[in-house]
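The region 'Disordered' annotation in TrEMBL covers 1-22. Among the features that TrEMBL reports, transmembrane segment is placed at 59-81, 161-183, 195-213, 225-251, 257-275, 282-302, 388-407, 412-431, 485-507, 558-578.
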Amino acid sequence: MSNNATSHKPRRKKKSTSGISRTETNADIVSIDEQTHAAKPEFPLVAFLWPARGTTSQWLLIPLILIIVGLFRWTVGLWGYSGCGKPPMHGDFEAQRHWMEITNHLPMSLWYFHDLEYWGLDYPPLTAYHSWLLGKLGSFIEASWFALDSSHGLETQLLKVYMRATVIVSEYLVYVPATIIFLRRYGRAQGVGATSQSVALVAFLMQPATILVDHGHFQYNTVMLGFTIAALSSIYAGRLMWSCIFFVAALGYKQMALYYSPIIFAYLLGSCVTPRLRIGRFLGIAMITIISLVALYIPLMIGSLSNANQGVLLTNIAAPPLLDILPFKIHPKSAYYIPLLQVTQSLHRIFPFARGLFEDKVANFWCALNTVLKIRQHIEPVVPLPRLSLYLTFMGILGPMLVIGAVPRPNLLPYALASSAWAFYLFSFQVHEKSVLLPLLPMTLLLGSRDGLTKETRAWVGWANMVGTWTLYPLLKRDGLRTPYFVITLLWAYLLGLPPTSGAIYYDHANQNEPGKERPPDDLYTGTKILHGEYYMAMMIWHGLEAFISPPEGKPDLWVVVNVCLGAFAFGICYLWCTWKLVLGTNLLDGYFGHRRKIEEKGANSGGWKNEKKTQ
């Protein structure tokens, strides 16, 4: 007879995961209700991820996150893109497809020379190699997609699917893993909890500007941005040589990575001299950087020399201006003429100084200034604009360079990179709307820091992203991306508890009935609340005016000009905020502020500030 009744053991009760508790590692994402004194998620994204805390394996959580953010990317790709149905030049979609076409059908020596009037290749060699690879893979599926010349302006549905897929695959091979690794290292170094790291990861991967530009407008910016994040991650891991390789790869993919180069240079140099001189490290960094740059051009050089041996000569092609200004003449039949010709031609294409200071209206200093003072009429006759742009850009990046060079701490790099990128965006030559992704990247990475999900950092990072995405609206509207713009932007604002979906981040619940109470450390200053609130209101009013009221006949670009001016001022504020936080993070001002605080305390105890000042 079986003894089932006596041998039965009751099941263990599963540990409840519905309750929320406030701990040291989640203090920024969990708040305490003033009435019930119960803990609750600080903003909606925390509530969505809270059930997955603790017991959920990261091997399960991260794939789920990547599937969800990937679906949003693919959905945005179902809408329009740059140049859709707009002959004869079409747009960026056609430019990327055309580069796949020429790299697959033309000798390497002709890549930077072929049909420059029709989307000539104007990115560094790594973009060309990437285009060659994607063109080869696509040709296996359908050769007509990249047929030389006859495929111009092709817009078949399967081609669109393939091109959209290449953006996502490239992003998931470079950008996504680099981000995951960096945020883990960045967070662990500062004692950030696993749940907060997951919140920062989702917030970063759902960044609206990046999704709308790369997966809507159509670009491969995330490849360059991913290499940059990989360089930062290597710095956090103490692998400076690898950081050089990754950053050279970023530069080799898109020249816009130069926005970060002063800070990377200053940090690596500072790490070689502070706190002590390290000659070996300096020589190693210099050597690996040079080798990486040379390796970047080796395939192009070898291919061009091979083409020359096969009879593909470039003697009838006009030499680039950089080759003409050399103090010595090079004979076309010399051994080093072809490599030097390729390098100078690629640099000439990469840095288009002949195009002018700006082409389209961008929310930077020059376009905003041009609305009140015509630059070409009043400034260009006095000072050459490229030189003036160089001076102002150098002045903007000098401060962050000196600070990060003097105090080379990895946790300060996002602030320094953001300051440098904002300076480049505001003052440099030939800035495009899409370049706003570069300063937004390090600012958004701040969400993964120790204070990244506090009200202050979340408000500033959120405000910068909302304004940055708003300045992209005229571009996105031309591409037929108005619906994805509103959906993705408002969704991101909702997830992070930002206006216009929520104003809780700017509302101090603890002090609402106690005006004399001291400001909590995570609350925002009144000036910040006013500034951000006015901008959110202005952006909503602007959208209403742009949608329902036509501009005057004499000023057809009125709404775009307003967008440019407001955006440029906001980005200037972002530059100042990032630079100020960078300086505060160095603790260089602690002595000054500490001394001032002591003087104020003594003055208060002795009856006044003036008496204390006289005793100094």
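Yeah, the Cβs are placed from backbone N, Cα and C, and that goes for glycine too.
Curation plays no part in TrEMBL annotations; they are all automatic predictions.
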Before we move on, state whether the transmembrane segment (59-81) and the transmembrane segment (412-431) share at least 3 Cβ pairs under 8 Å, counting only pairs 6 or more apart in sequence.
no
Pairs of Cβ atoms less than 8 Å apart decide it: which stretch in 195-213, 225-251, 257-275, 388-407 has the most with the transmembrane segment (282-302)?
225-251
The transmembrane segment (558-578) and the transmembrane segment (412-431): do they have three or more Cβ pairs under 8 Å, with pairs 6 or more apart in sequence?
yes
Honestly, do the transmembrane segment (485-507) and the transmembrane segment (257-275) touch, with at least three Cβ pairs under 8 Å and pairs 6 or more apart in sequence?
no
